[in-house]
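Engineer: Here it is: the structure, laid out below.
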Amino acid sequence: MKMANVYYVCFLGLLTVVFISHENILLPAVRAELYPAPDFSRYTLIKPRLYHGREKREISTTKSDDDTYVHHLSINYDIDGKNHILDLQLNRDLIPTNYFKEYQKNGKHVVNRPNKSDVELCHYKGKIRGIPNSWAAISTCNEESLTGVVYDGQEMHYLQKASNNDDLHFLYKHSDLVNNNNKTCGYDDSYKHQIKKDHEFNRIHRYKRAAETTGNVKGPYNANRKSRYVELVLVVDNAGYIEMGESKSKVERRCKTIANILNGLYAPLNIFIALVGVVIWTEHDEANLSPTGDTTLANFLHYRRDKLIKEHPNDNAHLLTKVTFDYGVVGKALKGPICSYEYSGAVSTDRSSVVGLVATTVAHQLGHNFVPSHWSSCSLEYLALAFEHGMDHCLRNKPEALFDSPVCGNGFVESGEQCDCGLPEYCDNNCCNATICMLYSNATCATGECCDLQSCQPKTAGTMCRSADYECDLPEYCTGQSEYCPADIHKRDTEICDDGKAYCYKGSCRTHTDQCKLLWGDTGKSSNDRCYQLNIKGSRHGNCGYNKLNQTYFKCNDEDVLCGMLHCQHLNERLEYGLESVAILSHSFIEHNGSIIPCRTAVVDLGINEIDPGLVPNGAKCGESKMCVNQKCVSIDSLRAAGRTCPNNCNNNGVCNSLGHCHCKDGFAPPLCDYPGFGGSEDSGPTTDPEGITTTSKITVAESTNQSSPFDNSNLENILAEKLKLLPIIQEELNNLSAQITDIFQTLQSLQHQINETKANNTCMN
């Protein structure tokens, strides 16, 4: 529940009612000179000292001679005689390779896609030394000026430069916010009517996500298979641009700072923010803005749908506006439509000079996009439930970072490093020298699922490091040589699954009914095949896909109707996958043999680049020895002919994997599973340890669990007996071959004799 408490403070805390007297730690005359933010009733003045994070020397600026920023930074400051230290590192994942900046010039749009050398990265993340559950997000872009947020495990603090003439900074407490009771996030259900109006535009689509990460990601240390990544675009209205002195660089810098703080707020929830772009309305607003928050939100979401997402794919977009909304509303968002093509976005008022306050407002609205409820101590449960319902579909790919050069201490094992466990102050790894990112002399590994961190040696071969997910996946095992688990491999596409009802595709086994259950719960099942004839029409009631960008339906060919739109029967009227409020539910009925058959469909919006789960899944059976692939009914033979095959069908002692190699059963050896061996494959590792299988420990484990080791005497005898049965057959074949060779030899001898006689006769005639 620690994360839940952090979440409560970060988001719900923004709306907490606080009444505090208007007191200050300085005299009024001094306060007037320093101009503290009017958002807080009091503040603390601090004078931060900067230190190089690795060299431990004091520095006056975080900017290096080559115009880059130091990778590791420590910030020291004193409050009431107590020293506080922030240990920080550059947030290199903040800016992805597809980052862009767009603005208006002479009535046209200008889009810049800068190189690494053109992007200023001066944004840090980290924590307070010695304080568990703390975190910090600090930007150092304005020379000695520090801006950001620090969470001390109990309360949020906002950091802001006090003046341009000295090193003093304001440090505000979140609990000292004034007039907080008059501000609301504006979340309610008043926008539902707009959703219903726009349903007609929310159609089926079929696009495959383009921004997949290539290669295995060895880090960061705080990321894992369940991490989620939000590719965010921030849009700044014309008034905001003018207030920033019509400086595009200042606006862009402020947006990066906001995104960096967002990342700090969400990282404890295993959600990471990547700023894919900044749009600045330098000449005019491209959406009509109104003091009515609902109207502004509706217009901005239309702008995202009709223009922004077509040109710049994103998971979520957010408008920062200088418009003051009615009734003290500081932001507007819909509940739960994260990833959706239509409604994944929000608006927030850029209401304060303290950028951390603006960032927490944005974070709050983004939070509404995540879960269909108000933020509370139960938000983690709502978040997990939303993800189970597929609301995280577009968040599973990790964007490739623009700043990817090797840096010791960032948690990534990169070129030239043997290990990387983060900063030395926080590394608890006994195998890795965190100062130089090299292994200690007695260690051969320090990271990875297959490294024993007690012995600093690779785990025994045959140790399972990744279990199989469902029927079409394959488990992976440690090899005994590498610290990393082998790449995730699955069964070859077209392998039969679910008792012949479907075929494996990309590691999944999905029938028509499976997909209906996904959408509608346990009562869901595929409707009568006659319903699928509606897919020939190419309408909202039946089709083979829909392109949202040009609003075009695709008709199914006669042979492909079972691979088009999914038609279900169910008792549950509530959609169980995706967000029902942004889905289109269609009900058709047909008559067959005197009965009325329901044909129920759903169009589920999971994002512009995501496959609509309301379509028949790949691998579903559409005929004898045929399966659906991309809404086409294709024969198994043609798919196998075009794909990878395994020799001799792995001799019926294994299964063909997705790389065309045999994954052998226990007791048989790759590559062909035709001899006794240790199971597994050359891709997934052995299922048992080839070297330690006869040791006492192995025998003890097998006996204690009442399980037969794959290489005990009885098993070997069975294997040898099977092989011995083949000996008579092999002997007979050898005898036949020997007889054939003898016949050939005799024939050759006869021919040679005839040649010799011919030569002799020719000699006599001469």
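The backbone N, Cα and C atoms fix where each Cβ goes, glycine too.
Pulled the feature table from TrEMBL, pasting it below:
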type	residues	note
BINDING	His364, His368, His374	Zn(2+) binding site
DISULFID	Cys465-Cys485	disulfide bond
DISULFID	Cys646-Cys656	disulfide bond
DISULFID	Cys664-Cys673	disulfide bond
DOMAIN	228-477	domain 'Peptidase M12B'
DOMAIN	405-493	domain 'Disintegrin'
DOMAIN	642-674	domain 'EGF-like'
Engineer: Can you tell which of the disulfide-bonded residues Cys646, Cys656, Cys664, Cys673 lies nearest to His368 (Zn(2+) binding site) in space, using Cα positions?
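Structural biologist: Closest by Cα distance to His368 (Zn(2+) binding site) among the disulfide-bonded residues Cys646, Cys656, Cys664, Cys673: Cys656.
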Engineer: Near the domain 'EGF-like' (642-674), which same-chain residues lie under 8 Å Cβ to Cβ, leaving out any that are not at least 6 residues past its ends?
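Structural biologist: Same-chain contacts beyond the flanks: 474, 489-495, 507, 680-684, 687-688, 710-711, 715, 719.
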Engineer: Which of the recorded positions listed here (His364, Cys465, Cys485, Cys664) have a Cα atom within 10 Å of the Cα of Cys656 (disulfide bond)?
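Structural biologist: Among His364, Cys465, Cys485, Cys664, the ones whose Cα sits within 10 Å of that of Cys656 (disulfide bond) are Cys664.
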Engineer: Taking 10 A as the limit, how many CB atoms besides its own sit near the CB of Cys664 (disulfide bond)?
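Structural biologist: A count of 28.
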Engineer: Helix, strand or coil by DSSP: which one applies to Cys465 (disulfide bond)?
Structural biologist: strand
Engineer: Along the domain 'Peptidase M12B' (228-477), what average pLDDT does this model show?
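Structural biologist: For the domain 'Peptidase M12B' (228-477), the model's average pLDDT rounds to 89.
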Engineer: Distance between Cys664 (disulfide bond) and Cys646 (disulfide bond) at the Cα atoms, whole Å?
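Structural biologist: Cα to Cα, Cys664 (disulfide bond) and Cys646 (disulfide bond) are separated by 12 Å.
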Engineer: Run through the domain 'Disintegrin' (405-493) and tell me, per DSSP, how many residues are helix, strand and coil.
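Structural biologist: Once the DSSP states are binned, the domain 'Disintegrin' (405-493) shows 0 helix, 16 strand, 73 coil.
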Engineer: If you run the three-state DSSP split on His368 (Zn(2+) binding site), which class comes out?
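Structural biologist: The residue in question, His368 (Zn(2+) binding site), is helix (DSSP, three-state).
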Engineer: Roughly how many angstrom lie between the C-alpha atoms of Cys485 (disulfide bond) and Cys646 (disulfide bond)?
Structural biologist: 23
Engineer: Give the three-state DSSP assignment (helix, strand or coil) for Cys656 (disulfide bond).
Structural biologist: strand
Engineer: According to DSSP, does Cys664 (disulfide bond) fall in a helix, a strand, or coil?
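Structural biologist: SS state of Cys664 (disulfide bond) = strand.
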Engineer: Could you check the disulfide-bonded residues Cys465, Cys646, Cys673 and say which one's CB has the most other CB atoms within 10 Å?
Structural biologist: Cys673
